[in-house]
Amino acid sequence: MVSIRPDEISAILKQQIEDYDKSVSVSNVGSVLQVGDGIARVYGLQQAMAGELLEFEDGTEGIALNLEDDNVGAVLMGEGLGIQEGSTVKATGKIASVPVGDAMLGRVINSLGRPIDGKGDIAASETRLIESMAPGIIQRKSVHEPMQTGITAIDAMIPVGRGQRELIIGDRQTGKTAIAIDTILNQADQDMICVYVAIGQKAASVANVVEVLRERGALGYTVIVAASASEPAALQYLAPYTGASIAEYFMYKGKATLVIYDDLSKQAAAYRQMSLLLRRPPGREAYPGDVFYCHSRLLERAAKLSDAMGKGSMTALPIIETQAGDVSAYIPTNVISITDGQIFLSSDLFNSGLRPAINVGISVSRVGGAAQTKAIKKIAGTLKLELAQFDELAAFSQFASDLDAATQQQLSRGKRLRELLKQPQFSPLILAEQVAIVYAGVKGLIDAVPVDQVVNFSRELREYLKSNKPEFINEIQEKKVLSPEAESVLKAAISEVVSTMVASAN
């Protein structure tokens, strides 16, 4: 018979009591009061933070936006079809963050940084908060380096610098996205990381952009953040902040980055939808009172960093869609006042065959002039004024029966300048080509070329310089200055091409 020794039993019990881990995991839990339209009202969650991530019973994630006396208003970042009244909600103690790193390049992700391109998981090196503070005054430097878009009209008259915020604004179908995509394509040899944020667009449009970038070899230095029209409003609202966070990672590593928000009108509409469903008081055009702050805190994250901060930069090209050219609506005026200039695209110019359809008279770059390269600044100084005057004269000449010789000459020059600035989509030009084209127009060297042949002249001149005068192209690309020697080479090349074209026309 086994003898039971009480002292051994008591010793074992004492040991087990001592080894017992008394730590208790405390989680902040609430229950769903009401759910629908992408919004949930949650009872409990007394310790919830503003902007905290919530986890619902069916796995759907949400963000706590309204912290009220007796409930929390949350927006759902998913369909939430499995959420039932009375089901539990857990506060995660985390604020929304996104994976960042070199592994993101070439990938298509959603607003939460999850891949949606079917290429598997992303092995990101670290994460960044979606919402983060913009660089302070001391951490910044004034914009002084050019960000070449490859579009002659912009680089010559509305130059954009690294670290600038330049708005692209216009009606639907006027070529806003085309300008943004051309700018990405032009960064191939500029050592720049690009982030394209598609907000509330058709999934087919986003797929088309991805395909264009892949075909032209631009996907390798680009990250695409997509929140298409079928996504919940919360994801459309978050998408621009996600794009900014990814670009910020590279900016603080000393890299030059470019972010395109296409477009912020749809983000504002998504934010309005969320706010109204959360019963926040509406303001002008039913937008909430803080919609200005929604855009200003996003665009202030674009900066040119000081030398001490690593010299990185983040250039922002926000896009806004207007209704019937009305730039005095609420969102357009807000974003115009936040940005450092705007490129205004006109549907009338677009329909008349001018592509890109930039209205030079009301487009402006407030800080880009300091960043413009000397070569193009030297020759393009009068270009914007001449085109603006041409627009006025063209309108006036429709009613005038006879015009003096000087006015006719100005109209003739203006027509040729406008033709010179036409540029097909997906064909950005290098600096040397832009210098040659603008020089030919501004100096009046193509006045003998028929207006309908100016586009052909532009192409012939570029081909002639590439094949016969590569030293001119190399000098402009390297030194960024139009020297007297280079100018004489260019003059000779232009006269050669013009004489050939005039002779063949006769």
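Positions of Cβ are set from backbone N, Cα and C atoms, glycine also.
As recorded in Swiss-Prot:
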BINDING   Gly170, Asp171, Arg172, Gln173, Thr174, Gly175, Lys176, Thr177  ATP binding site
SITE      Ser363  site 'Required for activity'
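The closest partner of Ser363 (site 'Required for activity') among the binding-site residues, by CA position, is Gly170; the full candidate set was Gly170, Gln173, Thr177.
Of all the binding-site residues listed (Arg172, Lys176), Arg172 has the fewest other CB atoms within 10 A of its CB. Of the chain residues outside the ATP site list Gly170, Asp171, Arg172, Gln173, Thr174, Gly175, Lys176, Thr177, Glu321, Leu345, Ser347, Phe350, Ala357 have their Cβ within 8 Å of the site's Cβ mean position. With a cut-off of 8 Å between CB atoms and residues at least 6 apart in sequence, the same chain places Lys176, Glu321, Thr322, Gly325, Phe344, Leu345, Ser346, Ser347, Ala357 near Gly170 (ATP binding site), listed in sequence order. For the binding-site residues listed here (Gln173, Thr174, Thr177), the lowest count of other CB atoms within 10 A around the CB belongs to Gln173.
The Cβ of Gly175 (ATP binding site) has Leu345, Phe350, Arg355, Pro356, Ala357, Gln425 as same-chain neighbours under 8 Å, each 6 or more residues away in sequence. Mapped onto three states, the DSSP output places Thr177 (ATP binding site) in helix. A strand conformation is recorded for Gly170 (ATP binding site) in the three-state DSSP classification.
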